[in-house]
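**Student:** According to TrEMBL, the protein has these features:
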DOMAIN    518-713  domain 'STAS'
TRANSMEM  77-98  transmembrane segment
TRANSMEM  104-120  transmembrane segment
TRANSMEM  132-151  transmembrane segment
TRANSMEM  171-198  transmembrane segment
TRANSMEM  205-223  transmembrane segment
TRANSMEM  250-268  transmembrane segment
TRANSMEM  336-356  transmembrane segment
TRANSMEM  368-385  transmembrane segment
TRANSMEM  405-425  transmembrane segment
TRANSMEM  463-494  transmembrane segment
Amino acid sequence: MIEPIGNQYIVARPVYSANAFGEEHKKKQRHHKTFLDHLKVCCSCSTQKAKRIALSLFPIASWLPAYRIKEWLLSDIVSGISTGLVAVLQGLAFALLVTIPPSYGLYAAFFPVIIYFFLGTSKHISVGPFPVLSMMVGAVVVRLTPGTAALELSNSSMSNDSSADEYKVMVAATVTILSGIIQLLMGVLQIGFVVIYLSESLISGFTTAAAVHVLVSQLKFMLQLNVPAHTDPFSIFKVLNSIFTQIEKTNIADLVTSLIILLIVFVVKEINQRYKAKLPVPIPIELIMTVIATGVSYGFDFKNRFEVAVVGEMKRGFQSPSAPDMQIFQETIGDSFGIAIVGFVVAFSVASVYSLKYDYPIDGNQELIALGLSNIFSGSFKGFAASTALSRSGVQESTGGKTQIAGLLSAIIVLIVIVSIGFLLEPLQKSVLAALALGNLKGMLMQFTEIRRLWQKDKYDCLIWIMTFIFAIVLGLGLGLAASVAFQLLTIVFRTQFPKCSTLANVGRSNVYKNKKDYSDMYEPEGVKIFRCPSPIYFANIHFFKQKLIDAVGFNPLRILRKRNKALKKIRKLQKKGLLQVTPKGIICTNDGFKDSDEELDNNQIEGLDQPINTTDLPFEIDWNADLPLNTMVPKISLHSLILDFSAVSFLDISSMRGLKTLLQEFIRINVDVYIVGSDDDFIEKLVQCEFFDDEVKDSIFFLTIHDAVLHILMKKDYSASKFNSSQEKQPKFDFTINTNGGLRNRECRVPVETKF
């Protein structure tokens, strides 16, 4: 019963142990589904289930019939045209990151959009090339391609049609197909949850490091230098060394052009960001600068006059589909898995933002299927891995895109460039594409500011960000991602392996218990210690838990047990010799000249000292806190009850269970009662299954709350209410009444609790 009185409430209920609560409140019999039950559900078939599966596999069947033509079509047309123009330029620019001819970037900007239109669940993301993924694919291409340094800087069409370029395209396409297969399998097997192991801090640090890699990789195009490719650890430093050793060979025309383009793009993007509420659509600065740069390069014949590197021949139409290389499959399985995970994480993160903003659901497993098939089709037609670029998705959303109709129209714009007007971009300098690629990195590079925010909020997350950035910079993107995930999981283990255990005490003479170091008005019942562990207990932290508990109580129970058993052996010897006399003041030895040898004990004797203390054969009781005869030294302890708050302990493994039971036995054997509070029924059932309880450690040690355990101790030790109350009259009184009729289950306490709302 709860009686509210103003901002206080009075609770009247029995003092519950777990057993007493179970007797009074019977649990429902619940049927827990087994693997066979789930399998039956999966294998069952019905009309509704078939319809639901069809709609989940083809989301277009859900939203297209409800499409509002009059309200949405115009917005989707404007958005599709704007996004398509950006997709063309980003496809060309990001192809340089893959180290393949720019024209192949258009395939990566076309095929994924078509597949995602039918299978995707997000209405706003623009699927296609993403700089981080392009960089990861490019690292694999460079690693597997025979040494042909900087062929991408060549101007002749012969180099674009060379066997080296064809092999690079084959490697990029094969890696894309394999990553698509991995994504598809993950979606079909419903294991999209693996992305939860990539935290926001890890993704932020990784994408920032990838942006730095992109920045360094584009320097050779801005300066037009022949830089050898490196993919091993420390490759970024080797590339920088090659650039600075050749800096005098810089093509001034490419450098000046790229710097001007980069400056203008940054300024206009800042204007778009600052005045986005006033601008009807963002200024398409990439398109404007591309048109101007192409016209200037063609009009002034930059290729021949200044020997700049240009896009070169743009083949019309599509390449014929090709089968992937099985040998490349075997060599790139690890890289493809990383590409698949990163591509999905980025796309799903952006899609989640828009789904929350516009209040519609997205399905992570269906997104995996959509992205997987997109990459399989793209790779089959010699494209490269796709996800979503933040800037391109931002254009699609900010220009009024309502559905993936805008994405379909953007693909049509790319299609027009592929089959008709691509040749107009042949005079475009590669340094301009590099500058456009760098212009899209501002958002990722600005993530450096996350370090300060994370440091103020959570130092572990800040450490994950920094170490992820370092790993990705030093080891490269592939190994760096693997090392970052391992380090992140290690921090989780570290947090649980060294939890912040604390000693609790009563606050304000109520039923509230807090860390005794945090408050001044604390009450700790005499002889009672309350210890809280805020993490699971398992094999890696059981020893740390033991040590923290020993530090909290102030003594090692095993040492006390051995000391007492050793003293008991001495007392038995004295008693057998008739040298002990029981007096009102205690036990005294009648012969002070008696000496006992302190010989070295063997292992069997030491194990005997660990057994329970048995004094039934003695005609008297031993007070271990009193002075013992012959100055027998046994540490005195005032603790008689220990409460373990396991409300935050979600599980125990077998190793920790064995260690915990041994620890509890040690306390019980030195007459310290142990109680565990906050554990749920599943926790206790697991202990029963593992035969945790015996004649010493009983299941009656479990209580619902700390306050239940404290009141039980007070009643068991026959404390009076006046003993429990503080002598400070000004403080709120801790008042309780005990009704002992009918045993522990019916004992009641009435506790006024001051609660502020």
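Yeah, the Cβs are placed from backbone N, Cα and C, and that goes for glycine too.
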**Student:** Should the transmembrane segment (405-425) and the transmembrane segment (104-120) be scored as in contact, given a threshold of at least 3 Cβ pairs under 8 Å and pairs 6 or more apart?
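**Tutor:** In contact, yes.
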**Student:** Restricting to the same chain and to residues at least six past its boundaries, which positions have a Cβ under 8 Å from a Cβ of the transmembrane segment (77-98)?
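**Tutor:** Contacts of the transmembrane segment (77-98) (Cβ under 8 Å, skipping residues fewer than 6 from its ends): 104-109, 113, 126, 128-131, 134-135, 137-138, 141, 152, 168, 172, 214, 217-218, 221, 281-282, 284, 286-287, 290, 311, 384, 389, 391-392, 395-397, 399-402, 405-414, 417, 425, 428, 430, 433-434, 436-437, 440.
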**Student:** In terms of Cβ proximity under 8 Å, which residues at least six beyond the ends of the transmembrane segment (104-120) contact it?
**Tutor:** 57-60, 87-88, 90-95, 98, 126-129, 169, 172, 318-319, 366-367, 369-371, 373-375, 377-378, 381-386, 404, 407-408, 410-411, 414-415, 417-418, 422
**Student:** Looking at 171-198, 250-268, 336-356, 463-494, which one has the highest count of Cβ pairs under 8 angstroms to the transmembrane segment (205-223)?
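**Tutor:** By Cβ pairs under 8 Å, 463-494 leads among 171-198, 250-268, 336-356, 463-494.
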**Student:** List, by number or range, the same-chain residues at least 6 past the transmembrane segment (368-385) whose CB is under 8 A from its CB atoms?
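**Tutor:** Sequence-remote neighbours of the transmembrane segment (368-385) are 57, 95, 98, 100, 104-105, 107-108, 110-116, 119-121, 127, 129-130, 133-134, 136-137, 169, 172-177, 179-188, 192, 318-319, 321-322, 324, 339-340, 343-344, 347.
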**Student:** Taking all residues of the domain 'STAS' (518-713) together, what is their mean pLDDT?
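**Tutor:** Across the residues of the domain 'STAS' (518-713) the model's pLDDT averages 85 on the 0 to 100 scale.
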